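> When I checked TrEMBL for this same protein, it listed these features:
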- 185-208: compositional bias 'Polar residues' (COMPBIAS)
- 6-80: domain 'RRM' (DOMAIN)
- 252-326: domain 'RRM' (DOMAIN)
- 362-436: domain 'RRM' (DOMAIN)
- 185-212: region 'Disordered' (REGION)
Amino acid sequence: MAEPSKVIHVRNVGHEISENDLLQLFQPFGVITKLVMLRAKNQALLQMHDIPSAVSALQFYANVQPSIRGRNVYVQFSSHQELTTMDQNQGREDEPNRILLVTVHHMKYPITADVLHQVFSPHGYVEKIVTFQKSAGFQALIQYQTRQSAVTARSTLQGRNIYDGCCQLDIQFSNLDELQVNYNNDRSRDFTNPNLPTEQKGRSSQPGYSDAGSMYSGNRAAGFSQTGNNAAIAAAFGGGLPPGITGTNERCTVLVANLNPDRIDEDKLFNLFSIYGNIVRIKLLRNKPDHALIQMGDGFQAELAVHFLKGAMLFGKRLEVNFSKHANITQGADTHEYVNSNLNRFNRNAAKNYRYCCSPTKMIHLSTLPQDITEEEIVSLLEEHGTIVNSKVFEMNGKKQALVQFETEEEATEALVCKHASPLSGSVVRISFSQLQNI
């Protein structure tokens with residue numbers, strides 16, 4: 001181990017990890033005086049108030065693997081004894097990308113996708129634009145054809161006003177690879193595909209259905225980055241939302257009633273509700289054994305869970321799923337914590353997971369299977385949960401996956417709830433509902 005220092009070097013800091021996540025990891029050991037995120041290197045430097053605080057932190061994490069959002073991070077003493085101004089400036093260089101995240105401050109006039117296109121197109125070919133509203137203000141994701149165009153636009157436009165004295169641009173590089181745009185309208189536009197519809201079929205363009213401005217208003221629960229979530233929702237749904245989802249809910253906690261108390265537990269609830277978002281914590285109510293509180297990552301994820309699970313059958317009971325009057329669940333001896341679980345599905349591939357959200361179906365999809373798995377082994381794993389109508393093992397991108405069709409949605413839900421995240425020949429099986437009608 002290097003010579004003790006009050007500066008701690010953290011590695012494997014992914015883009016989904018925020019400054020606040022790192023502060024939460026080290027604050028129990030003392031006052032943190034400085035923090036530098038080295039985004040281009042997936043690293044961070046963090047300075048404690050004194051050396052004994054840093055020593056305490058590293059001694060603790062020598063025995064307990066530190067993990068943030070399911071990602072293991074690695075800590076050691078830095079070769080720096082102090083963080084200098086130069087070190088801190090280094091952290092402000094974010095990694096160039098062809099997609100820009102633009103925040104508009106002091107917005108006195110409405111900004112549309114076309115207005116943004118007029119501002120940003122002189123610096124290169126703009127492929128796509130998605131706009132949305134959140135607590136930081138009006139934001140937009142702007143995708144150029146080339147990274148160099150994005151770099152030029154950022155260096156030229158950073159800090160400039162769109163209109164005299166207002167609508168100031170604050171521009172960062174996004175870490176998204178590709179924007180998905182479903183509609184061409186004032187809020188989103190795909191300049192590579194002019195034939196997209198202007199709004200969701202059968203829906204008005206009123207706020208709440210396809211208004212990207214209302215779609216990202218969910219409160220951020222501790223431990224989850226709302227900024228990353230906004231970008232994932234934008235990438236998943238473009239300018240619209242699934243039918244029946246308003247996107248305006250801000251309540252993160254869900255109350256589930258009419259559970260089967262003899263068969264349910266926190267992990268089974270996690271397996272079901274984590275299909276719709278990250279889980280912070282779960283509490284079974286001891287005075288009402290058929291009730292549970294589930295705190296989701298944010299209001300949008302909670303709305304997906306309520307919408308898709310209301311009335312679902314599980315263990316012979318029809319679930320009653322509603323928003324709770326509690327803003328969050330207080331951590332205690334009777335709560336189960338999942339905020340750092342690497343089984344939370346939305347820490348990576350969030351946009352893809354949003355697109356796969358649906359009510360329980362008769363068909364389940366299994367992934368991260370052993371490479372030598374057979375159809376007989378899959379059937380053997382699941383047949384205790386109901387009548388299997390059909391099954392198929394296949395390979396995609398070199399990885400074994402399977403589809404299993406049950407006779408009823410309830411049987412498929414039970415199989416998912418009981419067998420998701422279970423070990424199988426050295427692998428951890430991941431299960432989700434499939435929207436395929438048959439195999």
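Every residue number used here counts from 1 along the chain in the order it is shown.
Cβ from N, Cα, C; glycine included.
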> By DSSP assignment, list the helix, strand and coil residue numbers for the domain 'RRM' (6-80), in that order.
27 helix, 26 strand, 22 coil
> As a quick check of your reading of DSSP, tell me how many residues in the domain 'RRM' (252-326) are helical, how many are strand and how many are coil.
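Counts, helix then strand then coil: 19 helix, 25 strand, 31 coil.
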> Helix, strand, coil: count each for the residues of the domain 'RRM' (362-436), based on DSSP.
22 helix, 30 strand, 23 coil
